[in-house]
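If you look up TrEMBL, you'll see Glu333, His334 marked as active site, proton acceptor. Among the features that TrEMBL reports, NAD(+) binding site is placed at Tyr136, Gln197, Asn220. The substrate binding site annotation in TrEMBL covers Ser243, Gln265, His268, His334, Asp367, Glu421, His426. Annotation comment: TrEMBL describes Gln265, His268, Asp367, His426 as Zn(2+) binding site.
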Amino acid sequence: MSTPLKIARLDINQADFNHHLDGLLAWEGVSDKAVNERVEEIIAAVRARGDAAVVDYTARFDALDVASMADLTLDRARLELALERITSEQRQALEVAAERVRIYHEHQRQESWRYTEADGTVLGQQITPLDRVGLYVPGGKASYPSSVLMNAIPAKVAGVPEVVMVVPTPRGEINELVLAAACLAGVDRVFTVGGAQAVAALAYGTESIPGVDKIVGPGNIYVATAKRAVFGKVGIDMIAGPSEILVICDGQTDPDWIAMDLFSQAEHDEDAQSILLSPDAGFLDAVEASLNKLLSSLERSDMVRISLESRGALIKVDSLEQACELSNRIAPEHLELSVADPDAMLAQIRHAGAIFMGRFTPEALGDYCAGPNHVLPTSGTARFSSPLGVYDFQKRSSVIFCSPEGASELGKTASVLARGESLTAHARSAEYRIKP
Ligand SMILES: NC(=O)c1ccc[n+]([C@@H]2O[C@H](COP(=O)([O-])OP(=O)(O)OC[C@H]3O[C@@H](n4cnc5c(N)ncnc54)[C@H](O)[C@@H]3O)[C@@H](O)[C@H]2O)c1
Ligand SMILES: N[C@H](CO)Cc1c[nH]c[nH+]1
Ligand SMILES: [Zn+2]
């Protein structure tokens, strides 16, 4: 019998509830002086020495000694080989997931538009894809093929002509599933390099690694710090925090199901956050019993325990309405509405990365194959940001075409406003087009 799990049991009416909640929500983020300095040094070296620096750092940090970047480059033929090497069951699952993700994201594609005014002036917006995107895929245990699909497919749906991927392969250990996912997602080239040196290479380009316009994908503190440092030179998606799940349950779902849903995010990270809200105290007891019953059956039970004991909580609320209010305050990455009528609750939810509706929609299905993206805003940022999507790989340009009549009329307005700003050239440029 293992030690009982010490997960926080809270009641929204207890005097020190807010204090406890703040403790659960606090996450330090990624910032460390020593790491910043090292990352700056790595970026400078890659800018100065290109491929040679990347090769050197790969030998040092990934224990992979090679003669040149050519040995760290995989072309489409190698990705196709990976697809042949995985089992047919894995291939089929990846294909199903990729297709569903593609179909969902096709709904997000923005189209150019324009309208014509009575005098013939045309106004519009032109949508164009980014030219080249770089996808960072972490090495080691957090090297998720599903994340390759979630990052690369929206870029391809947006029409990005070239998607390159970097993934470290410590000691030369290649994850065939990751390469197979890259193949299906349409990744054009893979470089088996990682860390700050890979981010720097993508941002500034080297002899072998092409500079990109945007870098997406998660990674450790070196990767996150490097992404922050190169932002501005290139775009980045976000600096993702640890995974989070918040479940609102009316007390009528099988407690084992809810326990496993909470575990499912806790098993990502020691800092992951798993919270259950219910108006039914007896149900919270039952879920706590399920957590204790099922914990030892998990491969990563030690990590799950740390995560649940530091950032997990079972919270008694007075009503489902109050649960929605509290959830909005937390703005979770993933929100499960495990209730009889989730549609009736949906309008009350204002802040959440993804909303999983009803008892039969566990968050795990969204992680892999439901279709929506699993790259979601964390740490309360769902208050102002959205899931990764096709729109992250498209740009908008305004289009303005003035007819002679339109220019004449607009010129009068612009002239007045420009003179009010003491910008004479602006005013005269507009006035030249005014019909005498
Ligand atoms: N939020 C998400 O959705 C999500 C998903 C997957 C992974 N992750 C995160 O990705 C991370 C994966 O981390 P990882 O380390 O396994 O892989 P990683 O690819 O992020 O980092 C490996 C690289 O780190 C660099 N590095 C390691 N030690 C270094 C040192 N001392 N100095 C300079 N560089 C060094 C090396 O270049 C190495 O190639 C985890 O933190 C995980 O939480 C997040
Ligand atoms: N839940 C993670 C994002 O928060 C994504 C993931 C990948 N594999 C399994 N889950
Ligand atoms: Zn997950």
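Using the three backbone atoms N, Cα and C, a Cβ is placed for every residue, glycine included.
Those TrEMBL annotations? Automatic predictions, nothing curated.
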Report, in whole Å, the straight Cα-to-Cα distance of Ser243 (substrate binding site) from Tyr136 (NAD(+) binding site).
18
How many angstrom lie between the most widely spaced Cα atoms of the NAD(+) binders Tyr136, Gln197, Asn220?
13
Near ligand 1, which of the binding-site residues show up if the criterion is a Cβ under 6 Å from one of its atoms? Options: Tyr136, Asn220, Glu421.
Asn220
Please list, in sequence order, those recorded positions from Tyr136, Asn220, His334, Glu421 with the Cβ less than 6 Å from ligand 2.
none
Can you tell which of Glu333, Asp367 has the least company, meaning the fewest other C-beta atoms within 10 angstroms of its C-beta, among these recorded positions?
Asp367
Would you count the other CB atoms within 10 A of the CB of His426 (substrate binding site), including those on all shown protein chains?
15
Checking the binding-site residues Tyr136, Asp367, His426: which ones have Cβ within under 6 Å of ligand 3?
Asp367
Distance between His334 (active site, proton acceptor) and Asp367 (substrate binding site) at the Cα atoms, whole Å?
10
Beyond the listed site residues Tyr136, Gln197, Asn220, identify every same-chain residue whose Cβ lies within 8 Å of the center of their Cβ atoms for the NAD(+) site.
Pro138, Val166, Pro168, Gly194, Gly195, Ala196, Ala198, Val199, Gly219, Tyr222, Val223, Ala226
Would you mind reading off the Cα separation of His268 (substrate binding site) from Gln197 (NAD(+) binding site), to the nearest angstrom?
25
Would you kindly give the Cα-Cα distance separating Asn220 (NAD(+) binding site) and Glu421 (substrate binding site), rounded to the nearest Å?
49
Glu333 (active site, proton acceptor) versus binding-site residues Gln197, Asn220, Ser243 - nearest by Cα:
Ser243
